[in-house]
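To start, the structure itself, in structure tokens.
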Amino acid sequence: MAASFGSRAPHHGQRASNSSHGSSSASSAAASSSTTARSNGNASLGQNNRPKPPGSRRSVTPTSRAHSNASVDEVSGRVRVAVRLRPRNSEDLLLDADYADCVELQPELKRLKLRKNNWNSESYRFDEVFTDTASQRRVYEVVAKPVVESVLSGYNGTIMAYGQTGTGKTYTVGRLGKDDASERGIMVRALEDIISNISHASDSVEVSYLQLYMESIQDLLSPEKINIPITEDPKTGELSLPGATVVNVHGVDHFQELLQIGEANRHAANTKLNTESSRSHAILMVNVRRYVDGEDKEETNLQDRDQTDLPRSKPIPIVRKSKLLIVDLAGSERLDKSGSEGHLLEEAKFINLSLTSLGKCINALAENSAHIPFRDSKLTRLLRDSFGGSARTSLIITIGPSARHYAETTGTIMFGQRAMKIVNMTKLREEFDYESLCRKLESQVDHLTAEVERLEKLRENDKGKLERQLKECEDSFSGAETLMKRSEFLEKENDRLESEMKDILNELNRQKDQNGLMHNNISELQTHINYIQEQQRLEASTYQSVLADTTQMYEKKIAELMRQSEEDRSHAINVEEKLDHMKELFGDHQITIQQHEMKHCSYQKTLDGTTQMHEKKIADLMKQLEDEHGRFEAVEEQLDLAKKLLSDYQSSMQGQQEINELNMKLEKMHELHKEGAAELQLIKVECEALLHEKAKLTEDLHTMRERLLQEENHRKNIEDELIKVKKLVADNQKDQKEKQLDMKENVGKGSTPNGSNPLKETQSSQRTTIAKICEEVGLEKILALLASEDTDVQIHAVKVVANLAAEDIHQEKIVEGGGLHALLMLLQSSRNPTVLRVASGAIANLAMNELNQGLIMSKGGARLLANVASTTDDPQTQRMVAGAIANLCGNEKLHVMLKEDGGLEALLGMVRSGTNDVTAQVARGIANFAKCESRAVIQGHRKGRSLLMEDGALEWLLANNDCASTSIKRHIELALCHLAQNKDNWRDFMSSGAVNRMQRISVESSREDIRNLAMKTLKLFPTHQTDLYPTHQTDLHGV
């Protein structure tokens, strides 16, 4: 991709030279092109400023003020482009000795002349041309300061650096300059100007620091936040990044600390073109909020006051919200020059892809194309407002002087030339500060709301009281009707009882007359039966007293009933009066009741329940009356019995014993009946319990049957899927064998069709087959097959998982589906060498992701890998294990756990295999470990002697430094340089002679960046500060 971009650049350069840069008419042509672009509407990345019909234009400033003279706030401005030349380094001086200068600068004319050869050159004009001696301060004042001043005035701004890798973009933009303030980059200087020009009492400055790494937006201030989405407001079209960390900056020192944290978390790698090559696009977002005096906006304030009824004495405060983007793009690179491979190759692909998308958008804007492909990349979406939008944009392109990179330099220059044709319509981001107004009005609203709630509460209380009174009246009315009915019933019952009492009294009088006659008849026999007569008198007096007491009792009850009836009548009269009064109130509140009919539905339900309750009470009263009637009947029976006792006195004495016996028998039968009823109740309870238990057992049996059926179906499905996987793998193996035979035939013939690479075609075919298997079978079922007891099934499944883990899009699904845990369990339980080798390779692929590294260590992955390394002699298995541990060594947070779990010891122990592949992985792991450790020491996160020293890593590095393999030697040299940057390791370096080895590396290393790093490290040693090769010191400015 990088090669294709570079190959097109010369043609663009020729066309630009012939059209606008080949003669003195360059400025007029540029002016005419800018005029044409301005007249055509200046298409933006989001097509916001392209000509559209009225009403279809979408605003990109959702927070700007809606004034009647809003067009005054829009100012057109072309994208300003400056070019900066990197100084020559020793590699340029050495390799370009036979070449003439490729670039000639004419800063006084603001021109740059690019020589392809001695007779062919092209001239380009820029807004500013910086030589290799230009200071950081001058670059900032010319390129960035006008944008910063616009941001302070309320406009959005963008400052971006573009160029080939190793040409000084990060030095220009993101240099911290802690030791030397003159080397500070644009980021620090811009924030210093912003902070010095705001009011700390009312204004605020907030920053977010992000990186676009492999098309994934990550937070550099909170590394755990990855895959941050880009959201777009459907109404205003404004982009936002929800979840990104936003920090309120208090000062320049605070901002430098934030930048240092972000740079430590940014992805960087060592390539042939740059020792610390940025592998991601860094984006610094600065949001400035400033308050301005609103008196000069009196007319607008008056208009808004008429609409909002605000006091005229206090104008509405105005706040200006602006945003500054400072973008440090990753450098474009050719793969044949950078030497990127493996994961670095994937990173380079994503970098070149996003830069190509940006170039397409710049081309479309420069040519006034009808379609701007801003959605091809997240980078173009984030920069939509910077090119052709409403932001003021300055672009600085960095180039190198080497003729070896002529194509890349030409492509960079043409990118800047096309960007100069883009015109932005800057808009003032100014709005009324309704937030402070809202805070003032919210207190009043809260007070009024509390008052309204209090009045509503009083109203609800009054309403509740009225409803309760109405309910009481309704209850009283219904109770009054019940009492009236009861009173009538009691009156009838009273009349009946009075008539019955009269009959009883007449009967008693008659009995008295009969007793008198009987007394006259037996007077002659009185002397003989005195004793019997005395007994009769006693019995008669007893029954008479009982009868008198009973009569008095019923007379009292009748009197009470009469009195109660009178009270009920008076209460009924009072109730009728209240009812009349409530009817009047009901008439007054009839309208309110109609408005609350819906609420009364619930009250009606409660009223129905209350009515049922009162009906039950009335039924109970009726039952009580029936009981009283029964008692009256029982009294009549007692009276009849008394009559019978009086008449049959003599016979009663004999029958009393029989009655007593019958009563005793009746009581015994009653007790037996109670016991039988109790036993019957117990039997019913036990029967119900047995029935409930039977139902429960039946339900459990049904559930178990369903579960067994489900398990049987699941087992059958797994068997079917297993058969499919075996068939697909067998077909794949058959196809692979056929393709290998075809490849051998082609190799035997000496050529391949169309110049294709058979190995790449085979790998592509394998990935296609694996993807087909994953789609047909499903990832979850494939992961489930890892736990199969069949070894062949395990081998096929782990191969599929390993191939899927080689691609980033499948890694997250594998981890979420439990694939990582299953792979680690295979390392622990399996003894098959093929399973161990492929599982180790799959874990090595997963260990390339930082999140997966933490999971692997937390599940004991380093310990399991160390066990596999100690028990196997297979070089391929050892290479996979060493690669996995080497990837884990690239995470400084896991170093202590690696040491404790035996990962470092296992890594160094695998060199006994003697194979170059295993040794290369061991050297890479030690280099990664040393690099992360030295970075932590420099940043102050770690102190003390290196963990590698305890396991004898230094001795191994010194013993193998003269290895014939270039890759192994490069990793060993880097490891030694990084270990030497830790002062606590100097004693080991002095005693082992490693310092002499460092001196040899600074002179004999095949890589200039390693030689420079070695010389820079040697200067740190106290005994080697004055006599270490002064002639080899190189200016690292801009590299």
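Counting begins at 1 with the first residue displayed.
Using the three backbone atoms N, Cα and C, a Cβ is placed for every residue, glycine included.
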Matching range for TrEMBL feature annotation, coiled coil, among 93-127, 198-232, 338-372, 618-652: 618-652
Stretch carrying coiled coil according to TrEMBL (options 386-427, 554-595, 680-721): 680-721
Secondary structure content, the repeat 'ARM' (777-819) (per DSSP, counts of residues): 35 helix, 0 strand, 8 coil
Neighbours of G163, Q164, T165, G166, T167, G168, K169, T170 excl. site residues, C-beta within 8 Å of centre, ATP: R86, A161, N274, G331, T398, G400
Long-range Cβ neighbours of the coiled coil (680-721) (under 8 Å; 6 or more residues past either end): 777-778, 781, 784-785
Averaged pLDDT score, the repeat 'ARM' (818-861): 87
Packing count at G166 (ATP binding site) (other Cβ atoms within 10 Å of its Cβ): 28
Sparsest-packed of the listed binding-site residues (G163, G168) - C-beta count within 10 angstroms: G168
Neighbour count (Cβ, 10 Å) for Q164 (ATP binding site): 28
Per-residue Cβ crowding (10 Å cut-off), top of binding-site residues T165, T167, T170: T167
